[in-house]
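What follows is one structure encoded as structure tokens, with my remarks underneath.
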Amino acid sequence: MSGLYHVLGAKQFDRKELEELFASAKGMEQVAQGGGSNRFPNKIMSTLFFEASTRTRFSFESAMHRLGGRVIGTENASQFSSTIKGETLEDTIRIISGYSDLIVLRHTEIGAAKRAAAVSDVPVINAGDGSGEHPTQALLDLYTIQKEFGRIDGLHIAMIGDLTYGRTVHSLSYLLANYRDVHLSFISPDNVRIPTYVKKYLDENGISYQETIDLEGIAKTADVFYQTRIQKERFPSPEEYSKAEGKYIIDRKLLDTIKAEAMILHPLPRAGEIHPEVDADPRAAYFRQAQSGLYIRMALVEKCLTTMK
Amino acid sequence: MSGLYHVLGAKQFDRKELEELFASAKGMEQVAQGGGSNRFPNKIMSTLFFEASTRTRFSFESAMHRLGGRVIGTENASQFSSTIKGETLEDTIRIISGYSDLIVLRHTEIGAAKRAAAVSDVPVINAGDGSGEHPTQALLDLYTIQKEFGRIDGLHIAMIGDLTYGRTVHSLSYLLANYRDVHLSFISPDNVRIPTYVKKYLDENGISYQETIDLEGIAKTADVFYQTRIQKERFPSPEEYSKAEGKYIIDRKLLDTIKAEAMILHPLPRAGEIHPEVDADPRAAYFRQAQSGLYIRMALVEKCLTTMK
Amino acid sequence: MSGLYHVLGAKQFDRKELEELFASAKGMEQVAQGGGSNRFPNKIMSTLFFEASTRTRFSFESAMHRLGGRVIGTENASQFSSTIKGETLEDTIRIISGYSDLIVLRHTEIGAAKRAAAVSDVPVINAGDGSGEHPTQALLDLYTIQKEFGRIDGLHIAMIGDLTYGRTVHSLSYLLANYRDVHLSFISPDNVRIPTYVKKYLDENGISYQETIDLEGIAKTADVFYQTRIQKERFPSPEEYSKAEGKYIIDRKLLDTIKAEAMILHPLPRAGEIHPEVDADPRAAYFRQAQSGLYIRMALVEKCLTTMK
């Protein structure tokens, strides 16, 4: 429905909007730490998760509660009875949008959020659509970088791991295309390289990047190490997975080679690709990053609920 | 417990009570569209779904939230741990009724809601009991007819599809028995005809009806087409299912033959028995019908919470 | 995190603290029956259930709502996506503690709650950790005894059934070690006897107890019969289970032999070890006991949320 503010993909954000969002998130940090607000006492968020993601769901639901709102949710796709019975996503959304003021959608198919927004009477937030995008994760990633470095322009950002199926990397790359003099390094095994369409987008936006299989080669120069999990569940075969798995580990030894002011991020959960011995290092920013997810989502929820039809 | 107001089956409603309920639902429409109320800030609804039904559960939970209340719920029977451990429904209800002010129960067995009400200290609403009844669905169906036609008396209502396992058809038939000069047409494959006990109830109440396998035959005269899904999961065998499936489809071609002021209803979800090309036709009332579910359930929740022990 | 008040195991409670808690629970009874309070309007409880337990979860969530708070929850471990992806409990808790003000944890492993508390920024309540402990159940059991007998000192308490895997029995034994002149009888089949470490704790605290396979032998003298379910899911093999199952049944016949003022408790759910014919007897206290779970949990939630870091 036209006039609604949806969060569907990273490309919809320009620099001005990002800066406004980050300012709002900073304010939300105060609200949350002050015990929450009573901003939306009668608003209802539906969390429709066709693919389980407890962390992301909790983050959104907490954001809604911290703003005084209400939540109705389903934690698991396989239980979504209407879908089992053959209902289309469009029909589901038409109904659910009549019961709530905001829909947070996690789905297994690329483009699901966009299809949902096309028929919804209320705003839709994409909380991950298959191997497509995960824009709110990318927004919180970027917010963490901005917050800890005080800037994004001019940084060298290394993205590591599964760059084919890792949708947060795609979304983050699109967001970074709004900044000046950033340089991206894509470090991955050969069978899970960054997709051509992402590189094309970076080219069109004049963003400098390189692809490599060599983590050590960029260790000394990168400002941000964005580590990702090799997501077994998204690989076409166990063979392809085993080729990619376990190639890049961030451990104490690597820490000794990187910049003193570098930052290590990870969308989490991690399996073994960041050793726990790294946790105590001040450059390990991933738990602060997860916490920032709450503030970014509070800011997005507020924007969705106040940008008028 | 005597003195509580339960919603267990369609037969408990007489015409006067239906009219009061519809007046209340009309008021709830205003409440919901005005952003909800703070009617029951400290009341807790338990949604006990021993059979998944996201849509129905969301509808009830939204109704409770729109009235300012609180919800504790379980979305899936198979996770209901106490049942796995061999607990009776009665024991479960005895406990849960101590933790909440209202129980919404979806169960796989006929009569479950009645058994629950017999031991509960709080009101119980039947949200579907096996192939038994689904009274709140029937109430919203009837409310939609009343709202869009301005009356129910005198209408010709065709119910189409699986009339054996389709519990909403049974419940709606019972409700219609309260009205004057209605005529019911039951259109179904031979192996899923309307049960004898429903026909007996209609006979006892002097309601005119016919059974037929021929949808075209009633197309010109019916005011309401109540289409239903052939529910695979309720059939005794795949063979019986395949006999019934795909027999009656509402599509553009059928639309051309029905009355200009007819109305198409469906309890949803639909699988393929109403073609999406029908959606844009003003006679396609099924999404408005689903929306009305919220208002009816708000009215029922209020009635349950205010009719005193 | 130091300074937080966690509920991890029964041994952390001394008599003074138990008496304070019971006084608080008594007050909560008034609060709940008066329709709840608005004590914690902006606080969020996370219910993290890695093992399904609808009853316990509902009890905690109801407690939080009765105090005006909010809940985000997951009802089923097997859906906990991050765990499937290989995340440690510690990482999960670090994240979730940033989204909520209190964590209620049910887990399959002994010691899980303690591990969680070690990394959490918010209080953790152990809602059962494998065959370890279930302190809030034991607290409500003890509260029920105190409430109905007016005292605990001097009572003869018989615990019956699976005393190896029945964690509530362990926790209750630890709590009872705070009282004077209590005598414990442990009645179980030989393959599920009370563990040595529990007996050692009782010895250290000078508590009198006996072990027997003979329920009739203690029937005349026991004040409290604490019956438990033989938990099939905790046995190493079906053979071990069948040895233990069905040995002790509380029925009408047994009732005739016990004291007039005795009390029958059960943590519920029951499978068949208390015959329904017992329910109507005034000595059958198990449903009142379940109801008391709400008040004890309200008291514990308040204590966790108000004992400052």
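Placement of Cβ uses the backbone N, Cα and C atoms for every residue, glycine included.
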Further carbamoyl phosphate ligand in TrEMBL, beside C:Arg55, C:Thr56, C:His134, C:Gln137, C:Leu268, C:Pro269, within candidate set C:Arg106, C:Arg115, C:Arg288: C:Arg106
Sorted by sequence, non-C:Arg55, C:Thr56, C:Arg106, C:His134, C:Gln137, C:Leu268, C:Pro269 residues with Cβ within 8 Å of centre, carbamoyl phosphate: C:Ser53, C:Ser59, C:Ala127, C:Gly128, C:Thr168, C:Pro267
Near-B candidates in C:Arg55, C:Arg106, C:Arg167, C:Pro269, the binding-site residues, by Cβ under 8 Å: C:Arg55, C:Pro269
All-chain count of other Cβ atoms within 10 Å of C:Arg229 (L-aspartate binding site): 23
The domain 'Aspartate/ornithine carbamoyltransferase Asp/Orn-binding' (C:153-301) - residue tally per DSSP class, helix then strand then coil: 60 helix, 25 strand, 64 coil
Between C:Arg167 (L-aspartate binding site) and C:Gln137 (carbamoyl phosphate binding site), the C-alpha gap once rounded to whole angstrom: 9
Tally of residues which DSSP labels helix, strand or coil - the domain 'Aspartate/ornithine carbamoyltransferase carbamoyl-P binding' (C:6-146): 70 helix, 24 strand, 47 coil
Close in space, distant in sequence - C:Leu268 (carbamoyl phosphate binding site), Cβ under 8 Å, 6 or more apart: C:Arg55, C:Tyr286, C:Gln289, C:Ala290
For the domain 'Aspartate/ornithine carbamoyltransferase Asp/Orn-binding' (C:153-301), the mean pLDDT of the predicted model: 93
For C:Thr56 (carbamoyl phosphate binding site), the number of other Cβ atoms found within 10 Å of its own Cβ: 24
